[in-house]
Amino acid sequence: MDLLTGLFSTAFLAGGVLALAALGEVLAERVGVVNLGAEGLMAMGAITAIATVTATPYPMLGFLAALAVGALFGMVFAAATVWLRANQVLCGLALTLMGTGLASTIGRSYSGMPARAVFERIEIPLLSQLPILGKALFSQNILVYLIYIILPIALHYLLFKTRHGLNLRAVGENPAAADAAGIPVNAIRFAYVTAGSALAAGAGAYLTLAFVPSWSDGVVAGRGWIAVALVIFAGYRPIPAVLSGLLFGLITALGFVGQARGWPVAPAVLSMLPYLGTIALIIVPVLAWQRMRRVMAAPAALGEPYFRDVR
Amino acid sequence: MIDLRTLSRRGFLNMSAAGAAALALPAGLFRAGTASAATLPAVAEEDAVIGFGHVGPITDEGWTWSHHQGLLAVKEAFPKLKKVIEVENVPYSADATRTYRQFVSEGANMIFDTSSTGDFLHEVVKRAPEVAFMECDGHQVMDNLGWYYLAHWYPTYVIGVAAGHLSKTGKLGYVASFPVASVFCSTNAFLMGARSVNPAATLQTIAINSWFDPQAATQAGTALIDNGCDFLFGIMDEAGYLQVAEQRGVWAAMWNTDIRRYGPNSYVSSVIIDFKKFYVDQVGKRLAGTWSPSETLLQMGSGVDRDVWGAKVPADVAKAADAVRDKIVGGWSPFTGEIKDSTGTVRIAKDQKMTDTELYTWDWSVEGVSGLTS
């Protein structure tokens, strides 16, 4: 396998975790709710997936079970932050602590076992013959296609091309105005926070069923936090969120390939690459094009609970 | 009394200085007082409290799991112990000091720190002269503090010999954590073993800046294989790169425990660690009142060893490697000059034998190792 193919192949595989979690976060933040529980949701998703494939040999079932558990936790979080209007940051941190703690407790009986079933590679005819990208993107497992092709396009269409998407964004920008226009603010928030949480848990399932096929305590290793950061970097848009996940995966892979090839750069610098890259990519476009500030701006009501009587 | 509401900056500084002086004084007095203490008085088994602080979770199937097995052995050997305290995931921070202080206040007679927390532990050691402390991978001895570690370089050398036979490309890969002595020693011993068979062998390392990060280890393993390595070794607490090796059809050797089920076709062996006998022995000495701070390196065959060879390892390779193992157990040291470092400078002169201390504090790479710089 040549250098570029190997590089892209691991980048797609590793970036998928971040991309899927970031997509979930985009949904929640677009309706105005910061969900810092991504890390905990990913841990819950990861252990749910492993527990499921230990019982039944169908990885898809494991993935769906993780989505369901994520949705369940998402509902609890949404109930607290949307209906009860509790502080979103604190609830998110509580969700992370609870999720990682619960996952490691449940995980005790599952650690030290390889996953019994994993998502196998599916080669897409013709496309997998393409140079470089063919092997890297089109001979991966089904979740990779879902994360990089189907979901971002679907979500982009939903958010920016439909009436419903406009309503959804209005809820995140100005809930009072949306409310006045007859949009059910709390119901929309509740639904999309739940959906976003399900995707975050799905990212955990992807981790244990497709990337590192086993459970071990701490397997998420802070990727949930990086996903939250990537959403800001991606300007709260689904396609850039996925691309930034891929970019992050690519830069990380570059660090490893650099070490493997013995490039004359200190390993510490190569390990810093993803973070240096992120900083550069956030700062440069904003400095270069004034317009980017508006495009990259956060939803105006992000993090604020909505009280109908306080306008 | 100082009024905290109107406290000025100067007032605060004065107060802190006074506080610091008050803290420093008793510490100085106490050190002079205990300088002569050699052993601690015996403790009845029914009254004894033993504490274990771990760096990771006991379910890690690796380092911490092995120490937990030691704890279970202690419980079995001394069933009447009043209490055995165990805390997992002790961070390398001031929280470690808090954890070990808690052990002391719960009446611990002996405390094992299973992954050196250094100064964070020593803070507590100095203030609890009646408690025996043992620090794994420590470097310092005090009146009530000893350290223990494994001479892991010998089984690593043996695995290296097997790698020299098994690797077709002569390019070996290593998933490293940080550029610390344990890692230098491990990479060096591994390549020296391989070079004893194939003098052209080279070792490429990738440092992932963690002892436990399955995602990074998976990526690192993939990058090494993509770059032509056909034998992976590393110093990780999980099986990430073994699963990659299995998938890609190359060899892999591991650390800590037997985890061949993650890659039955790729698994060659592991540096297997076993603290059971050592812990039982240490606790026994503490109870009998004969414990004194010691520096212990568990040797190959008694605490650290290579694992039973993997199913796909040819019998003649296993035999050749085991012959080297027997030679080492018999007293021969493979770490004898002349040894050159990665820049080609002779570091160990011809026929000079490296001492255990030199091996334990190894901080340079031998010729042929690339990617690891201190």
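Placement of Cβ uses the backbone N, Cα and C atoms for every residue, glycine included.
Some features that TrEMBL has for this protein:
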type	residues	note
TRANSMEM	A:61-83	transmembrane segment
TRANSMEM	A:90-110	transmembrane segment
TRANSMEM	A:142-160	transmembrane segment
TRANSMEM	A:190-212	transmembrane segment
TRANSMEM	A:218-236	transmembrane segment
TRANSMEM	A:241-260	transmembrane segment
TRANSMEM	A:272-289	transmembrane segment
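Most Cβ pairs within less than 8 Å of the transmembrane segment (A:241-260), among stretches A:61-83, A:90-110, A:142-160, A:190-212, A:272-289, belong to A:272-289. Ranked by number of Cβ pairs under 8 Å to the transmembrane segment (A:61-83), the listed stretches A:190-212, A:218-236, A:272-289 are led by A:190-212.
Residues of the same chain lying 6 or more positions beyond the ends of the transmembrane segment (A:142-160) and with a Cβ under 8 Å from any Cβ of it are 12-13, 16, 19-20, 23, 26-27, 30, 63, 119, 122, 124, 168-169, 199, 206, 209-210, 237-239, 241-242, 246.
Listed by sequence, the residues of this chain that lie at least six past the ends of the transmembrane segment (A:218-236) yet keep a Cβ under 8 A from its Cβ atoms are 17-18, 21-22, 24-26, 29-30, 35-36, 38-43, 46, 96, 100, 104, 200, 203-204, 207-208, 212, 243-245, 248, 278, 281-282, 292, 295-299.
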